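If you check TrEMBL, you get these features:
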type	residues	note
DOMAIN	25-288	domain 'NADH:quinone oxidoreductase/Mrp antiporter transmembrane'
DOMAIN	290-343	domain 'NADH dehydrogenase subunit 2 C-terminal'
TRANSMEM	59-76	transmembrane segment
TRANSMEM	96-115	transmembrane segment
TRANSMEM	152-171	transmembrane segment
TRANSMEM	178-196	transmembrane segment
TRANSMEM	202-221	transmembrane segment
TRANSMEM	233-255	transmembrane segment
TRANSMEM	275-294	transmembrane segment
TRANSMEM	324-343	transmembrane segment
Amino acid sequence: MSPTIYTIMLSSLATGTIITMTSFHWLMAWIGLELNTLAIIPIISTLHHPRSTEAATKYFLTQAAASAMILFSSMINAWNTGTWDITQMSFLPSNTLLAVALALKLGLAPAHLWLPEVLQGSTLLTALIITTWQKLAPMSLIFLSANNLPPMILLTLGIISSVTGGWAGLNQTQTRKIMAFSSIAHLGWMASITSISPNIMIMSLMIYLIMTTALFSSLIFSKSKTIQDTTTTWTLSPTLTITTMLVLLSLGGLPPLTGFLPKWLILEELITQNMSPLALMMAMSALLSLFYYLRLTYTTALTLAPNTLQMKFKWRFKPTTPPALMAFSTLAVFLLPLTPLILS
C-alpha cells in the first residue's frame, strides 16, 4: 500500500473514532463506527495473503453485525421514547441489545472468537491498532450509556471475559494471539467496573492502552511473532530486554508497576459493593493471565537462544532503542506513584 493511501486510511480511521466519541445522536455515532470499520479493512488486508484476506472478512462481518445491532437498538429506543440521544436510553430491551452489540464490537467473551483470528491474520502494527485505537469508539459509547446498560449483563460479560482471556491464553505460542487474549481479559475487568464506577473504567482503559502499546512496540521492534522469537531479543538491545520484561510484569498486574493500579482499584470497588465472590474470581483469573506473561518474560529475559561465539550482537552495530518505545515503556512501568493524582 502506498504511503498516500495508508495516510488516507489512517486519517479516516481517526475521523470515524472522533465522530463516534463526540456525538450524542445515535445516527452520528453509527456513521462514525461504520467509517472506522471501512477504513481498517484495507489496512488489515495489505499483506495480499489468504490469511489476511480471511482476517479482513471476519473483522468486517463481526463489526457490521455489531453496528447493525447498535442501530437496531437505538431505533427501538427512538420508537418507544421519541429520542435519539445516546445518554437517554431508557427502554430495557434496547439497552440489553446495545450491551450485547458493544460486547461483540469490543470482543468481550463469549463474543470474542473473532479477535484472536483477526490479529493472527494481520501484521503486528495492524494488531496494535485493532487492540488499542479500535477500542476507543465502543468504550466511549459504553461510557456515555453506562447508567442505562444492565449491570448484571456487564458483570457477567466481565467475569466470563477475564476467565476466558486467562484460560485460553495459556495454550498459545503466537504473540499476537497471546495479546488478543490479554486484550479480552483486560476488557473484562473494564466491563465489570463500568456500572459501578465509569471513571475507574476510563482510567483502566488509558493504562491498558499505554501498556499494550509499549509491549506491541517492543514486539514490532524485535520482530517477535512467536514465543520462540522472543528468545533472540537480547541480541538486539539489552535495554529492550529489560523494558519488555517490566512491561510484561506490569500487564500481569504485579504491585510496584503501573498495571497493578487498575486491578487494585477495581477489586477494592467490587468488595466495597459487597461483590466479594466476583472480586475473588476476577483475582484468580488474573493469575491465569499472569502465567503466560511470566512465560513470555522468561523466554525474553532469562533464556538464550542457541548461539555460537561468532554470533553477531546486533546492539553493537545499532544500539538505539526507539524513543517512542522508551516513553511508553516508562509510562507502562512507573505510573503507580501517581495514583492520587490520577484519581483526583
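A Cβ is built for glycine as well, from the same backbone N, Cα and C atoms used for every other residue.
Using a Cβ-Cβ cut-off under 8 Å and counting only residues 6 or more beyond its ends in the same chain, the transmembrane segment (202-221) has close neighbours at 124-125, 127-128, 131-132, 135, 139, 143, 175, 179, 182-183, 186-187, 189-190, 193, 233, 236-237, 240, 243-244, 247-248, 250-251, 258-259, 261-262, 265-266, 321-322, 324-325, 328-329, 331-332, 335, 342-343. A mean pLDDT of 76 is what the model gives for the domain 'NADH dehydrogenase subunit 2 C-terminal' (290-343).
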